[in-house]
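Enquirer: According to TrEMBL:
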{"type": "COMPBIAS", "residues": "1-15", "note": "compositional bias 'Polar residues'"}
{"type": "COMPBIAS", "residues": "27-37", "note": "compositional bias 'Polar residues'"}
{"type": "REGION", "residues": "1-37", "note": "region 'Disordered'"}
{"type": "TRANSMEM", "residues": "90-112", "note": "transmembrane segment"}
{"type": "TRANSMEM", "residues": "132-150", "note": "transmembrane segment"}
{"type": "TRANSMEM", "residues": "198-219", "note": "transmembrane segment"}
{"type": "TRANSMEM", "residues": "573-592", "note": "transmembrane segment"}
Amino acid sequence: MESQTRSPTLTQSKPPQLELEETETLSSDFAGNNEAKTSFLGSEAERTLENEEDQKQPTFGSYGLLNKIERERHGIVSAWRAGNKARIPLLSLCCLIIMLAILAVMIIILLVSDGKDVESWGATTMHIGHRYHYWQVSVSAWLALANFLLSKTLAVMFAEAVAVSWWVDAIRGQTLKRLHFRWAVGNSIHMVAFHWRLWGWICVGSLAFTIFAGLEVVLQQASSSTTVLSEILRNMTSELPSALPAGFSGVVAATGHDTFGVVYFTPPFIQVLQDYKVQAPVALNLQGCGSTSNVSCVARLPGLGFQYTCNATRSSLLNPLVADSNGTVHQPPNTVFQVNVTTGIHWEIGLSTLWQDKKGYVGETVTNRQCTLLPAMVEYMVNVTQGVATLQQPTSTINWTISPTDPYEQNIAVDKVLDLLPIPDHDQTLIHTWESQNDPTSGQHSTLGGIALAFSSLFGSSIVIKSDVTNFGSDVAVTGSFAAPYAIFEHGTGSIDLALNNTYASPMSALLSNMRDIMFRSSVAVATQKVGDYMFPNASALDVQTSTVPVHNVTTVGQYQIYHTVYRTNRTILGVAVGLMLLAILAILPLYDGYWLLGRKISLSPFEVAKALHYSTVVDERNGTRVPYSVLDVDDGERPDRAPQSGSNLSADELVKILGSRKVRYGEVAPNILGLGLVEYTDPAKAGRLYD
């Protein structure tokens, strides 16, 4: 008949008691302890045999899983060594130094690259495989690399900080719920985001670690690129004329019986005039100036021009309707606008202009300008872009013998005169022939005559008004296309009084600007077309062109202007990003608080944590002996037949709900054994002790 007796029940306050089946007898035996091992034996004989074997077991102090021989064989020393020097987190310290160095390098890169050309920054030429290769690393690439290293280094540092914080918390004593929360927050910020819990500095550190990645994006925005204009002084060289080629512009021909004059133009000057009329680009080879669209150069270049010597006077109009003593009515014409250029072969050009600038015909209502244009070498301010020259604003003023009262007229800009050009021998011979009244030969060439003829043809114009008593109005005659923009007639021409009340703008500025354009084009044409001098060989009546070209290379210091893309560093964004990064790093440092309590290297490896949770003990209150017990054992008072290992299929969250309130500590759970046990049954680890 089966025995109805039940085995003794272990009575203890913690953990709750666990009743066993009546056929089983409880005995206890610890690994590494000389007390009885807990076993479930089916018969008294077996129990007796087991007790005899237990008496042969070594004591706690002499037995261990890793005995002295094993430790020596594997080179393992597991003594508990706590303290500042012994446990300083060297890996995290190295990571901190590396991160600070990377931040310093990033700041240096951003500050040094500020204003530097994008194309040349970080560029180098490398010789690989008998070839030279152009290699360039942009600022954004450096920042991306630095951010990558920063994030990975911080991840290493944060992982160790979480491990230190977890083990220090365990050593000081903490509930399983808090330990689990510390581990979960260290792995992901979602515990804080989903549960809105801010337990301890671990939450701040996790937030800082998460935000750090966003700060890397902000730091990237500290560097941008923009297009700027840079100016550099540089030597520039161009081939330019040193004088007007003899016979350059005009050709002498008969204009009537025994009458000769400059009638038409030379081929080079015809090309100049055609380009002027269509405003063709002026091609100029300026060495030292780039040919790309983003480069322009401003230089002062010598060229062919004039010295303008002028005087300013005023005059009156005639009475438009007057009767003489005989009663005859006269209707004299009044010239209210005029541009006149004298032509010929002489070494100067005459320019006279007038315009009515006051209403009516009473008093001095007309402004007059009489100018003499002498050939000279002048200084042109030129802008050259992609080989095309454009004239800039002149830098000098007219040489006034009688100054105008109008300040604007007085300050009309012309090019600075460098030297007056002497009359060529060829022209002296031509002028001598004309002045001696010898008939010149058709086909001879004039240096300045064609230019004067062109000025007269292009700019010669007038506006003449006279009274028309028959039609009770006025007659208006506009001659020359140059006068057209000035023939505004704001007051109309319905009567002579209204017609003479119209005023006209000064043509001087436009005149000199157009003449300047023609002369600059002539300068470039002489150099590019290699226009040679004409001469009279052996007192011949007909001149011939020679290969002597009055050009030379001119080097001047010009202003090299380049539109290029440069890096721009926003120092405000840089300061904010770096400052927040440093704060994020500093927010992680408090997690190392208590690192000196650690007595060995630590991590959150599953093996290491599982080993700590694997074994602990509680004290049987009845006899004071230690009983094996795991803090993860799930007690079930309703099912006393269930083993302590129940709950093996529970999730972490479910385990936390059941066991989270248990307060545990990492320390000495049994003689010579470290683990996570209930705080009241666990003693602090002893410094210098060699634990199993």
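Placement of Cβ uses the backbone N, Cα and C atoms for every residue, glycine included.
Since the structure is predicted, the reported quantities are computational estimates derived from the model, not experimental observations.
So that I understand the layout, could you describe where these features sit and how close they are to other parts?
Expert: A Cβ distance under 8 Å defines the sequence-distant neighbours of the transmembrane segment (198-219), meaning residues of its chain 6+ beyond its ends; these are 106, 143, 147, 150-151, 154-155, 158, 161-162, 165, 178, 181-182, 185-186, 188-189, 192, 573-574, 576-578, 580-581, 583-585, 587-588, 590-591, 593.
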Enquirer: What else in the chain is close to the transmembrane segment (573-592), if you only count residues 6 or more beyond its ends and a Cβ gap under 8 Å?
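Expert: Residues 89, 92, 96, 99, 103, 106-107, 110, 150, 154, 157-158, 161-162, 164-165, 201-202, 204-205, 207-209, 211-212, 215, 218-219, 221-222 contact the transmembrane segment (573-592) from elsewhere in the chain.
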Enquirer: Looking only at residues six or more beyond either end of the transmembrane segment (90-112), which have a C-beta under 8 A from one in the stretch?
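Expert: Same-chain contacts beyond the flanks: 139, 142-143, 146, 149-150, 153-154, 156-157, 160-161, 164, 219, 222-223, 569, 574, 578, 581-582, 585, 592.
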